[in-house]
Amino acid sequence: TPPSNWKEIVNKKLKFPEGLLAAIQDGQLAKIQQMLHISDGILRQLEESEDRAWREALNLAIRTGGTEITRTLLRFVKFDFRQVHEALLVAVDTNQPSVVKQLLDRLDQEKGMKMDIKSFSMAFFDNSIDNSRFAPGVTPLTLACEKDLYEIVDMLMKKGHTISRPHKVSCACLECSNGRKFDLLKFSLSRINTYKGIASRAYLSIASEDPMLTAFKLSRELKWLSKKEPEFKPDYLALENLCQEFAFELLGMCRNQSEVTAILNELGENVDEEDNGMDDQAFEEGIPNLARLRLAVNYNQKRFVAHPVCQQVLSSIWCGSLPSWRGSKSLWKVFISFSIFLAMPFLSLTYFFVPKSKIGKMLKIPVIKFLLHSASYVWFLVFLLVESLILEHHHDSFKGRNLSMWETSLHMIWVAGFFWFECKEVWIEGLRSYLLDWWNFLDIVILSMYLASFVLRLLVYLKGQVFCLDIQASTPECYYYTQAKRLEWRTEDPQFMAEVLFAVTSMLSFTRLAYILPAHETLGTLQISIGKMIDDMIRFMFIMMIILTAFLCGMNNIYVHYQESERLGSFNETFQFLFWTMMGMEEHKVVDMPQFFMAELVGRVLYGVFTIVMVVVLLNMLIAMITNSFQKIENDADVEWKFARSKLYLSFFREGLTLPVPFNIIPTPKSIFYAMRGFCRFMCCHKSKKSQKYPPINTISNPSVEEGDTRTETRLSYQRQVLKALVQRYIDTARRELEESRRKDLGNRLTELNKSVVRLHTEMKHLRQSVATSGVGNNPLDGASVLRKYIMKVRNSFQSYEPEMGDESQGSPMEVVVHQDVPLAMEGMLPLLQEEKEGQAVGQAEGETGGEADEEEEMVVMGAEEEEEQEAEVGIPEDKPQEETEDTAGQAAEP
């Protein structure tokens, strides 16, 4: 509260007092009060030309830890908003909650809070704080959040401080347009600093009702911004990693299974509309929804998904009622898998007729379902191999069109099953979730090519039937589509295209088998590495095609006028020659033309440059890129593999899709019964229900109207309680770690103090010996200079530590006083003892604020002190009398 003698003084300015900064530096509180206090009252206005000096005085008082001096300045001088705002930044930067509270109270008195929490656009164009040492866009709240100062963050937010979300990068509103035009760099730095505050642990913990979900969303947003603003990509990626780390650490605060279930099974309230459908997806009976875990997978939160808590939940669900599966030996697992492969038809038929039997329930266990579907796919690949072997051994039968379409299309039974499986998957997951998985794109390509191959074969068969309807009239078309040999077929013949499509699709079908590899740790890691390598190769192919096309045009233009070489002279032949040169399968003699010297010279030069660029440079660069990608995966192999395995696990938790291909295309009795029941209800019992204008009211006669909503609200309420508990544990852990780091820092500083004391005593001992030996020192002030050097060094070391200690550890700075009228031996001991007392005072202050220092460090310092006392007793040489030493010291003390 303002003092009683506070009164307004109109048109009276306060000149900046000379010596005020020195008095603040020395901690002379009485002198400062004398400079600022006048008889007419308290000066409330400052000289505008000296604004920077007043601002620096207030900042200096805060940095030196002078709480009383800061309170005096705020009491006797009226600072405007900009000065108090920068002082608030300094107080936050030095972690002084008490000073922050004083400045906030001062802002309340001046009614400056509205200015402090004003929008970014109003403060952006203020050039008066450009000379500040803080970056643009840094507010007290963002600075406190960056430093994870939970107490100050909570204090500021209770006062109404907030962090406004920056607009989108492509935003063209008036605020963003003016900001870019005014100062583009300042605008960009302000966005970065704002995101640093939003992505901090402190702000996510205190400002968010659901910190985990907020971290997910912010991580995805920062990842997107790193692509849209590549100039600040390292900053955005660092913040994105910070968000992932926060969600990972917050999940680690769970203490029991009920908390884990509450966190992983509910999405929360502030979920985007596109992610709301995850709560509606049904899993098998007894399997929890895991909505938040699936959301983390969609948001690519790899560290969160790979957390031991999530992996334990997934592994327990994966094994279901077979907990012994996890501890089984690999040989036993291989035997069970081979047995399921052989018994796949029998098991599928058993589930088809009696799905509620013991075997039917066992087949719903995710790991058994996985083995069953994998066995079905392996059977499909076996059929493809069998078809290839039949073509090889019955080659003569396949030269013409004498085989029926069905003899070459048995694999279409599996293709039909796969097609129905994908349709049901789209129906269950939704189109958006389905398209998020890249394996589904491969499934679409494979199925499309199989269907295209089948349609082309069917087209050939139907054309043969149509053109040969009239047996008497033998037409060329009838002969072509029924009896013509392969050599007589046209180049664009449909059966040619069908065979090519079938060959390519067969290769892709075997590639699709890599989907199940993440179930094994070693194979899964290799599969992920190969995927990254393919990405590198695709990027590399773009550069390679540019260079290859350039040399292709040059080489072709040289040799197109000459027919001396069979391998060059045409576009197709030149391309093949250059391509196989990259593989080292061509000879350089192909480019020789002895009768045309100039053309041969240029051709050899181009060919040599092509070999150097493509073979030596680009191919080695591709090898380096692939090696780098593989090394990145290996460095984080555990997280990458667990994330890929989690996606595989979740795909087998869903309800339905139990019957493997091709048995799933046969309608089961259960599905027929459900269809008939639905049809009967629709035809007989269906009544048109009009939507009620108002929701039903829960009464005594109808108590269960809102039962479902009540259960949902109860679950969400419990989840909020768990989240609050996790956040509180996280904040407490962070504070304990901060206090522990302070204690370690104090111990390190005390160790440095001990070393400084030992070095000081050694130099003083050598100085005394030199003085005693030479009689009178060359420099009478050598002792004082040595003492000043070491004491100032210790003072600076502890001065940087004092602002972080809190209120009780803040005191006046050290004062160095050297007495010249005492013997030199005592001159070395007095500052030494003073320095030791000050070190003990600092240690006692730290014990009052953050706990006592480590006993081991105290023993080290005490041992050093005892050693110094023993050395001090024998520090004066025995062959020199006491009087001579005193006389020598007295001479040295004279001016």
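Quick reminder: no glycine exception, Cβ is built from N, Cα and C everywhere.
TrEMBL annotations: computationally assigned, not manually curated.
Under the heading compositional bias 'Acidic residues', TrEMBL lists 849-872.
Residues annotated as domain 'Transient receptor ion channel' in TrEMBL: 171-233.
Annotated region 'Disordered' per TrEMBL: 839-895, in sequence order.
Sequence-distant contacts of the repeat 'ANK' (136-168) (same chain, at least 6 residues past either end, Cβ-Cβ under 8 Å): 85, 88-89, 92-93, 95, 97, 100-101, 104, 108, 113, 116-117, 119-120, 175-176, 186, 189-198, 200-203, 205-207, 731, 734-735. The repeat 'ANK' annotation in TrEMBL covers 136-168.
Beyond the ends of the transmembrane segment (334-354), by six or more residues, the same chain brings 360, 363, 368, 371-372, 374-376, 378-379, 658-660, 663, 666, 668-669 to within a C-beta distance below 8 angstroms of the stretch. TrEMBL lists 334-354 (among others) with the feature transmembrane segment.
Positions annotated as transmembrane segment by TrEMBL: 374-391 (among others).
Summarising the annotation, TrEMBL assigns transmembrane segment to 441-462 (among others).
Per TrEMBL, the feature transmembrane segment maps to 496-517 (among others).
Taken from TrEMBL, the feature transmembrane segment applies to 537-560 (among others).
Here TrEMBL flags 605-626 (among others) as transmembrane segment.
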**Request:** Using a Cβ cut-off of under 8 Å, list the residues of the same chain at least 6 residues beyond the transmembrane segment (441-462) that approach it.
**Result:** 401, 404-405, 408-409, 411-412, 415, 418-419, 422, 435, 481, 493-495, 497-499, 501-502, 504-505, 508-509, 511-512
**Request:** Could you pull out which residues elsewhere in the chain have a CB under 8 Å from any CB of the transmembrane segment (374-391), counting only those six or more residues past its ends?
**Result:** 337, 340-341, 344, 348, 398, 408, 410-411, 414, 506, 509-510, 512-513, 516, 660-662
**Fill in**
Here the mean pLDDT of the repeat 'ANK' (136-168) is 89
**Asked** Taking residues 6+ outside the transmembrane segment (496-517), which of them lie with a CB under 8 Å of any CB in it?
**Response** 370, 374, 377-378, 380-381, 384, 388, 439, 442-443, 445-446, 449-450, 452-454, 456-457, 460, 489, 523-524, 526-527, 530, 648
